[in-house]
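Visitor: I have a structure here, written as structure tokens, and I will follow up with some questions on it.
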């Protein structure tokens, strides 16, 4: 299969460099897919019960009444620190704990062997043929690319008035997902 590379960037680096780029792309794809779903959940008003911070008296319900960007600003500093720590642990495990490393011979970009139960708790990929698994990986990549475009489009439409050529208001509230309810 011929890849789309009009600038010839794939010819500039080694296989390790290309593995690094693919691994980074898969990470960004996964984050974008989670962000897009997270935006939809945030604007729908879905929230956890109870308090987000006992010491500051901030409830999840209070935060869910804000727009998604305001929600992040309303999370107490210790909550943000916990989120960043969890991301750091996942990043550490994906970069330094997995052998062979994705940039080494035999390594696969995006394969998080140390976190398999996190990414595939039902073990569905272990039952797939190699051809089907390859199709699923390509599907993940394509859906992730669409999610990157989607989440940046949502952010731009929400923050830059008139940035979309349609005469509609792009809300950041429950009305955003009414067609899906």
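Cβ atoms are placed via backbone N, Cα and C, with glycine included.
Quick caveat, the model's predicted, so the values are computed rather than measured.
These came from TrEMBL, pasted as-is:
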type	residues	note
BINDING	4, 25, 28, 143, 145	chlorophyll a 1 binding site
BINDING	30	chlorophyll b binding site
BINDING	140	chlorophyll a 3 binding site
Visitor: Using a 10 Å cut-off on Cβ-Cβ distances across all protein chains shown, tell me which of the binding-site residues (28, 30, 145) has the largest neighbour count.
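Guide: Most Cβ neighbours within 10 Å: 30.
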Visitor: Measuring Cα to Cα, how many angstrom lie between residue 143 (chlorophyll a 1 binding site) and the residue listed as 'chlorophyll b binding site'?
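Guide: That comes out at 9 Å between the alpha carbons.
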Visitor: What are the sequence-distant neighbours of residue 25 (chlorophyll a 1 binding site), meaning same chain, six or more residues apart, C-beta distance under 8 angstroms?
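Guide: Same-chain residues close to residue 25 (chlorophyll a 1 binding site) (Cβ under 8 Å, separated by 6 or more) are 141, 144.
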Visitor: Quick check for the class: what is the C-alpha distance, in angstrom and rounded, between residue 145 (chlorophyll a 1 binding site) and residue 30 (chlorophyll b binding site)?
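Guide: On Cα coordinates alone, these residues lie 9 Å apart.
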Visitor: Give me the Cα-Cα distance between the residue listed as 'chlorophyll a 3 binding site' and residue 4 (chlorophyll a 1 binding site), rounded to a whole Å.
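Guide: Residue 4 (chlorophyll a 1 binding site) has its Cα 17 Å from the Cα of the residue listed as 'chlorophyll a 3 binding site'.
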Visitor: Determine, to the nearest whole angstrom, how far the Cα atom of residue 4 (chlorophyll a 1 binding site) is from the Cα atom of residue 30 (chlorophyll b binding site).
Guide: 21
Visitor: Is residue 4 (chlorophyll a 1 binding site) helix, strand or coil when read with DSSP?
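Guide: SS state of residue 4 (chlorophyll a 1 binding site) = coil.
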Visitor: For the binding-site residues 4, 140, 143, which one has the sparsest Cβ surroundings, going by other Cβ atoms within 10 Å?
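Guide: Comparing Cβ neighbour counts within 10 Å for the binding-site residues 4, 140, 143 gives 4.
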